[in-house]
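A.B. asks: Before I ask anything, let me first share the structure, which is written out below as structure tokens.
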Amino acid sequence: MAAQDMATMRRPYSSFSSSLFFQHLLLLTAFLLLPMSLLGQEAPYYTTPKFDRTTTHRTDLCGVHSLLFQNQTVDNIRNALRGFNISVGLVDYTGTNEDLLSKLTPDGKIPSAPDDYPGLFVVLMDELASRAGFSWRNTYGIIPPLSSETDGNRTWTDILDWSVDTYDISVDYWSKSTERINKGISFPHGWYDASIIMVEKIASSGSGRNGGRFSNMFSFLQPFDTSVWILIVVSIIFTGLLYQLLDNMDSFADDRSLGTKPLASIFFSAIVFTTHFEFRPNTAPSMLLSWSWAFWALIVSAAYTANLASFLIDIRKPHVFHTSFEEALSKNLRFCARKGTNHHEYIAQKYLDANILPFDSENDIYLALNDGRCDVALTQISTFQMFERDEKINGDCSLDSAYRPIKTVNGGFATVVDSGPSETRSSWLCTGLVHYAIDIHLIEMEDFIVEAYKDYLDRRSAQMCHQTNQMKSETNGGGDGDMRLSLKSMGGIFCFHYILSAIALTMSGFTQYNKRRRKKKKESGRDTKNVDSASSDPAARGTTRQRRGSIWTSQVNTLNVGSISSEDDLETNQGDQDSAARGATRKRRNSVWISKEHLQDSD
């Protein structure tokens, strides 16, 4: 393509066939430009009024072009502008919120102080000039932005068409379009994403930076949904009452006697949720229940704390973006766009029934979107990346985009297609050579452009709205966006606790059953038959007493009889019957004691 365009730009310069002459020409040009470069930074050299086509400041490059035509190599094209002073038309954004693109000092000069940022356009042009070997700061002119007051119904395309006819390079973030190409405008390698997107205002339930809404007072409840909170309250009451039940079943279950104080037990259960443990279990069932409840509190508290952080940072309900422009159009939404821009013209021509409200500046369309004067803002990707960081416009990060391009377009600097005489151009100066030369350098300096653009965005603001919103969306899995934990995600720990609670209750019941069983078994080891008859029949108890009295009477009488008999025997038979009497007395005594022992056993 380059060779074909070069062929169309050929002129009769066959006499200049010597490469030596080409080298001398470059040296002479550099020598002539040296004094100008030593003058330092100047105010805009050209002051041609906007849309004035009576004068052009484009450089005559036909001589160099003719030499290159005879020896077309990449290196020759790369160095084709070396030593030249290239005229530049610089769109001036001084005094606007886009002044970090380009701005002038109060005395009308490009900032040159080390700590004074000259603007993204100047940074890129300085690097491009350094690589290509040309100068531009002493041969630039200022292009005022489009204004309804001064420019009427003109568009940015009209400004671009005039500027490329007046200057060698028109410097702004110009987006490529078929209409502009048909006008003879060429676009070197693009460095700016000019794809058309829709920006929408996100309905926020939180406060962001500039909030203060009443709903934010209850943000501490957001980590769990309603069903989880209800189950937490139920679990606290259930565990407190269950622990008291274990204490009532077994008085040794806790060091303290909870007695009939259910509120105290519920209170001890509730403060476990705050990682304070006041139970003092002694038995295995109470220990199991206490451990289960403490483990439950550990898991639930950790989940609550982790999820609470995201809600305190940015409490915003997810926004469902429109999937296409057609969908937004079907809802009869109001669109706002910067007047006369490429994307404004594209949408207006393709969608005739679209309700588009034009505004003079990019700043105005975002203010209108915030104020509710329009529902969707039409802009470009890179443009919105600039303004989403503006804290005055998007301090609460409520403006965001799905970044779904309506049309994919790139943009950057622009030049004119000057391949021969034209009725629409003021002169024939072979300016098309500028396109090919800077195109090579723009491709080679892509890494520099990325870093320069990142530095430019950081200078605007450190606010990273889209990354934060996208992170929240990805965290929610791209669903309905509800980040609250539900029973589906928290139900496992509740089931675990209830299972262990049931086991603890079963253990306690089984323990009490065994205690009663052992007690009954011990009591049944006695002679229950005699005990029952003696304890239940009053007549029997009287008979027993009579038997005890008769036995004791018999014992006394027997002792008396024995004593009397012994005395008689001593008197009658002092020697012969003494032994026999004592033996009979012993037998009677033994009989009495045996009867007494039997009576006691019967009792």
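Placed from the backbone N, Cα and C atoms, the Cβ positions cover glycine too.
No curator has checked TrEMBL annotations; they are predicted automatically.
Pulled from TrEMBL, these are the listed features:
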- 514-523: compositional bias 'Basic residues' (COMPBIAS)
- 551-565: compositional bias 'Polar residues' (COMPBIAS)
- 226-496: domain 'Ionotropic glutamate receptor C-terminal' (DOMAIN)
- 514-603: region 'Disordered' (REGION)
- 1-40: signal peptide (SIGNAL)
- 228-246: transmembrane segment (TRANSMEM)
- 258-279: transmembrane segment (TRANSMEM)
- 291-313: transmembrane segment (TRANSMEM)
- 493-513: transmembrane segment (TRANSMEM)
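Help me picture where these features are in the structure shown.
C.D. replies: Long-range Cβ contacts of the compositional bias 'Basic residues' (514-523) within its own chain (Cβ-Cβ under 8 Å, at least 6 residues beyond either end) are absent.
For the transmembrane segment (228-246), same-chain residues at least 6 beyond its ends with a Cβ under 8 Å from one of its own Cβ atoms are 221, 253-254, 258, 261-262, 265-270, 273, 279, 283, 285-286, 289-290, 293, 296, 300, 484-487, 490, 494, 497, 501, 504-505, 508.
Here the transmembrane segment (493-513) has long-range neighbours at 231, 235, 238-239, 242, 245-246, 249-250, 253, 283-286, 288-289, 291-293, 295-296, 299-300, 487, meaning same-chain residues at least 6 beyond its ends whose C-beta is under 8 angstroms from one of its own.
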A.B. asks: Mind checking which residues reach the transmembrane segment (291-313)? Cβ under 8 Å, same chain, six or more beyond either end.
C.D. replies: 206, 219-220, 222-224, 232, 235, 239, 269, 272-275, 277, 279, 468, 472, 475, 483-485, 490, 493-494, 496-497, 500-501, 504
A.B. asks: Restricting to the domain 'Ionotropic glutamate receptor C-terminal' (226-496), report the mean pLDDT as a whole number.
C.D. replies: 83
